[in-house]
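Notes for the one structure printed next.
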């Protein structure tokens with residue numbers, strides 16, 4: 001029969017074209033069957049190599065034989081285009097006959113191989129040498145293709161679809177690449193029950209991100225591998241569908257559907273041996289959808305309904321509602337299995353099960369207290385994620401930090417190396433100097449360099465020794481991990497043999513050997529850890545400064561460090577220096593805030609309660625309403641608090657409530673609702689706290705805001721939480737909420753001038769508050785703090801504080817100043833106004849001190865290093881220097 005080139009599939013055409021290119025470049029006059037076989041074997045992503053491997057052909061050996069045979073073919077330079085040889089023509093016709101006998105519409109690559117094996121040529125001789133016949137090829141073809149026929153030019157892309165577009169979880173379980181699944185027994189049992197149904201045997205796992213939906217599918221694969229499943233599921237495979245691979249490269253309409261159909265066909269042809277797992281099930285709805293074509297969900301529906309396809313889906317609650325529930329026909333084919341978030345106790349159990357894997361991977365020891373801390377701290381401080389995922393991430397990152405210290409230079413060595421480089425730079429510049437001072441300095445630098453080099457050498461030696469021990473323990477842990485997996489494999493084999501009525505003696509014999517080796521390795525690990533512990537205790541004795549450079553175990557302190565890095569909340573154990581700072585917090589605040597003892601004490605007590613762990617975990621650290629006249633230190637106390645807590649006064653969320661005078665402006669705090677402009681941007685308050693959960697929140701000038709704004713704050717003050725416009729819950733439990741107001745300031749001023757008592761003032765202020773704010777708002781505030789008008793003595797102290805700021809600015813110009821008591825008294829007297837507080841002082845200092853000094857500096861009146869004396873002679877300020 002005549003052979004038609006247009007009846008070749010795309011891949012087969014590529015093979016023939018490549019064979020022609022090989023023949024032409026080698027100077028062969030004809031395209032030989034050897035060229036075609038060589039092109040087929042070397043084709044990337046082709047069907048030839050898997051086909052030959054199926055019948056146990058040594059493909060590398062075949063390639064080397066082909067190379068040597070091709071070199072023997074006659075060749076000459078200057079040859080034109082190579083033509084098809086008579087033997088290749090016969091082979092092509094035989095391949096067309098093979099396709100026709102199998103009812104295929106196109107000649108695919110495997111038909112070319114059959115044609116080569118059926119006709120008399122050198123390619124057949126090579127295949128025969130390796131024990132390959134045309135019948136072997138046909139048998140392997142039927143195994144790879146299944147019931148599929150070649151009906152289009154891209155048929156090869158649909159072969160072995162499950163291997164190309166799926167990940168065999170059961171195979172991963174067998175090779176020990178899946179983490180153990182702890183707990184979740186009820187959910188796995190429910191999944192098995194649904195899978196065992198006759199029809200609609202398709203469970204869908206629904207739960208929040210990170211609760212372990214995919215882990216349940218992996219747990220099922222592990223149970224199948226271990227034989228811990230009902231008889232109906234024994235020997236089955238769980239294959240995870242890779243939607244990315246399925247969609248990638250599907251250029252033309254219908255490509256995606258063709259691939260999916262081939263996957264479904266292979267699952268059906270397996271006679272129930274394959275359970276399909278579709279992670280992110282919502283991606284299937286609409287996948288491949290285009291005008292006039294069916295999406296993946298519509299291809300799945302008939303198979304799901306008939307029970308011909310067993311499928312496990314996994315998706316989140318939101319995605320299930322948005323995508324699956326909308327399609328009622330798809331929804332009814334799936335049986336929901338809800339996967340809830342585990343509690344802290346269950347999370348600790350999960351972490352204990354995963355602990356050996358992470359110890360083996362990172363080469364560090366993880367203490368049990370670290371696992372408990374990871375579960376507790378992640379539950380309390382990481383509000384926008386779910387257990388156990390966030391707790392596992394904490395353990396992983398803390399362990400990776402310690403593992404990284406082995407690879408990178410420890411901090412003491414790094415610090416010494418940098419210091420040594422600085423000294424070498426100074427030394428190079430002093431080498432040629434002859435001045436006595438320079439010579440002395442050079443000798444001093446040389447001595448310091450020698451000392452630093454000696455210390456560096458000692459530290460490097462210690463680091464290498466410690467690192468060597470760590471590497472040894474890590475390799476032992478990895479061997480333990482492998483042996484434990486081997487033990488599980490042998491156990492599963494023994495159970496399988498017992499079920500078949502065979503003797504499992506061989507398996508039990510090897511299990512005893514593995515168990516013995518495991519005991520040896522565990523003893524080595526215990527001995528190494530005991531040695532490390534005793535070494536650590538010896539090194540930490542008083543007076544011995546040599547400490548470990550590399551930490552070998554993850555403790556709760558390392559977990560707390562990671563939480564602090566993620567959230568900014570200081571949950572690490574307090575050092576003695578921090579304890580001392582907190583105990584004298586009032587003194588530190590009074591360095592900036594003059595007077596106002598009641599306010600300073602209230603704020604300090606709240607912070608101490610929080611850091612000592614006695615704070616209610618469901619409320620903010622503290623919520624205060626600061627009342628008093630303008631300029632008495634309300635905002636300044638907030639800045640001082642931020643500086644004490646974060647070493648940065650700008651580390652606070654400051655919101656001017658005068659911007660929220662209209663009723664609708666409340667949406668700016670929490671974000672616009674859906675459908676309004678700005679919905680995606682989030683709220684001014686909620687976004688600030690999401691980014692910095694540990695903060696001082698200052699709501700300035702509260703009485704200027706619309707009363708409806710206070711309603712938003714009720715949940716913040718009572719429950720420490722607020723839901724923004726996008727439905728996300730923002731955690732305020734690690735914030736200090738301070739509201740300032742001038743309500744009652746006239747009353748405070750009047751009572752102070754009249755010499756009234758504290759009780760009279762508080763009662764008058766409370767009456768003014770009740771008239772302005774809602775009772776439910778006032779009732780949720782921890783403390784209402786009254787700021788008293790400043791006295792003359794306090795004003796004098798504020799003058800000194802503000803002059804200290806001026807002193808630091810003058811120091812940049814190489815100048816300093818001394819100021820007399822007369823000058824300070826004059827500034828305090830001129831700048832004191834009970835109605836305006838301390839703010840006029842800045843204007844007086846600016847006018848009377850800064851302006852004359854600025855003019856003098858511009859005129860070069862004072863040489864660098866001059867100390868300027870500032871006095872007041874009764875009429876004006878006098879500057880001399």
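The first residue you see is number 1, and the count goes up from there.
Cβ coordinates are placed from backbone N, Cα and C, and glycine is handled just like the others.
Some features that Swiss-Prot has for this protein:
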type	residues	note
DOMAIN	5-147	domain 'Clp R'
REGION	8-73	region 'Repeat 1'
REGION	84-147	region 'Repeat 2'
REGION	160-341	region 'NBD1'
BINDING	207, 208, 209, 210, 211, 212, 213, 214	ATP 1 binding site
REGION	342-568	region 'Linker'
COILED	392-530	coiled coil
REGION	528-548	region 'Disordered'
REGION	578-789	region 'NBD2'
BINDING	628, 629, 630, 631, 632, 633, 634, 635	ATP 2 binding site
REGION	790-881	region 'C-terminal'
Around the ATP 2 site recorded as 628, 629, 630, 631, 632, 633, 634, 635, what other same-chain residues have a C-beta within 8 angstroms of the site's C-beta center?
626, 636, 740, 787, 837, 838
Just to confirm: which same-chain residues, 6+ apart in sequence, have a Cβ under 8 Å from the Cβ of residue 630 (ATP 2 binding site)?
742, 745, 836, 837, 839
So which of 84-147, 160-341, 578-789, 790-881 has the most C-beta pairs under 8 Å when paired with the region 'Repeat 1' (8-73)?
84-147
Going by DSSP, is residue 635 (ATP 2 binding site) part of a helix, a strand, or coil?
helix
Residues in the region 'Repeat 1' (8-73) grouped by DSSP into helix, strand and remaining coil:
47 helix, 3 strand, 16 coil
Using other CB atoms within 10 angstroms as the count, which residue among the binding-site residues 210, 212, 629, 631, 633 scores least?
210
If you count the C-beta atoms lying within 10 Å of each candidate's C-beta, which of the binding-site residues 207, 628 ends up with the smallest number?
207
For the domain 'Clp R' (5-147), the number of residues DSSP places in helix, strand and coil:
96 helix, 6 strand, 41 coil
With DSSP as the yardstick, break the region 'C-terminal' (790-881) down into helix, strand and coil residue counts.
51 helix, 16 strand, 25 coil
I want the residues beyond 207, 208, 209, 210, 211, 212, 213, 214 whose C-beta is within 8 angstroms of the mean position of the ATP 1 site's C-beta atoms, in chain order.
215, 316, 339, 341, 386, 389
Of these binding-site residues, 211, 632, which scores lowest on Cβ atoms within 10 Å?
211
Give, as a single whole number between 0 and 100, the mean pLDDT over the region 'C-terminal' (790-881).
81
How about the region 'NBD1' (160-341) and the region 'C-terminal' (790-881): do they have 3 or more C-beta pairs under 8 A, pairs 6 or more apart in sequence?
no
Take the Cβ of residue 208 (ATP 1 binding site) and count every other Cβ within 10 Å, whichever protein chain it belongs to.
17
What same-chain residues, at least 6 away in sequence, bring their CB to under 8 Å of the CB of residue 214 (ATP 1 binding site)?
279, 314
Pairwise Cα distance for residue 209 (ATP 1 binding site)/residue 634 (ATP 2 binding site) [Å, integer]:
43
